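This report refers to the structure that appears directly beneath it.
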C-alpha cells in the first residue's frame, strides 16, 4: 500500500515537469516568428542601404554626363549619351533593390535609409565631379548618420501580413482618401506653376517628385508583399488590386524620373540629393502612417525618438547643402575653359529646353557691357 502511494506521488510530481517542458517548447516555437521577422527586417535594411549607395553613384554619373555634353562644340540631347544611360541603368538597379527592401521591412524603416545616398553623393562627387570635401560635409554626414541610426532603431517593428483584401480595405479607408485628394490638389497647383508660369525652382521640382514618391512607396510595398505571400503559397496575384498597384507604381516611377532628371539639369547634384532626401523621407513616412498605419501601436517614447532622429537627419542634410552653396558662390556653374576678356564669377543656369544647353546666354549682362 505504501509502495502504491509513493508511486502515485511520483507520477503527480512528474506532471508539472512535463507541463513545464511543453510550455518551454511552446515559448521557443513562439519566439521563432519574432526572430524570423527581425532577420527579414535586417535584410531589408541591408538591401536599402546598398541600393541607395548605388543611386548616389548613378546621380553623379548623370551629372558628369551633363557636364561633358556642355563642353562639346555642338551639344547633343542628354538621352543620346551612353554615360547618361549608364547612370540611368544604375539608378534602375538601385530602385530594384529598394523595391525588394520594401518587401522585407516597413516603409518608415526603409525610407530614412536614403541618407546613405546623401552621404555617398558627398564623397563620390569628389571623385566624379572633382569637388572638395569640407569639414561641414563631415559634420553634416555625422548628424545624418546619427539620425538615421535613431530612425532605424525606433522604427515600427510590428509585422503585418499585407494580403490583397487588406490592401483593398486600406485603399477605401477615409484617411487615405482625404490624403489622396489633398495630394492631387497640391500636385496640380505645382504642375500649373511649372508648366504655365515656367517656375523651375528646385523646391517645385522635388516636391512633385516627393508627391509621386508617396504613391510609389505605397504601391511598391503592396506589390512586394503580395508577391512574397504568393511565393509562400498564399496566392494573391489573382486579385485586381495587384495589377492596379503595378500600374500605379510604374506610372509614378516614370514621372519621378522625368522631374528628377530635369532637376539634375538645372542644379548641382549636391543640392538635389539632400533636398530630395528630405522631401522623399517625409512623404514616405506620412504615407506609411496614413495608409499602412505603421505607428498605430507604437509607444510614445519610440515616436519621440523617431521624430528626433528625423530632426537630426534633416539638420545634417541642411549642413551639407549650405556648405556646398557657400562653396559655389566663388566658382562658375560650368567651366569649359577660360574665355578671354571675361571673368566667370556668376552662376550660369542652363536651359534644358535649348539646344545650346550649358553655354553662355547671348543676352547676358556682362556680354552686353563688353559689346
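Note that Cβ sites are derived from N, Cα and C of the backbone, with glycine treated the same way.
In TrEMBL this protein carries:
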- 42-61: transmembrane segment (TRANSMEM)
- 82-104: transmembrane segment (TRANSMEM)
- 110-129: transmembrane segment (TRANSMEM)
- 136-156: transmembrane segment (TRANSMEM)
- 176-194: transmembrane segment (TRANSMEM)
- 201-227: transmembrane segment (TRANSMEM)
- 239-257: transmembrane segment (TRANSMEM)
- 269-292: transmembrane segment (TRANSMEM)
- 298-320: transmembrane segment (TRANSMEM)
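Taking Cβ pairs closer than 8 Å, the transmembrane segment (176-194) reaches residues 170, 200, 204-205, 207-208, 211-212, 214-215, 286-287, 290-291 in its own chain, all 6 or more past its ends.
Between the transmembrane segment (201-227) and the transmembrane segment (269-292), three or more CB pairs separated by 6 or more residues in sequence fall under 8 Å, so the two stretches touch. Remark: the transmembrane segment (110-129) contacts the transmembrane segment (269-292), by the rule of 3 or more CB pairs under 8 A.
In terms of C-beta pairs under 8 Å, the stretch of 136-156, 239-257, 298-320 lying closest in packing to the transmembrane segment (82-104) is 239-257.
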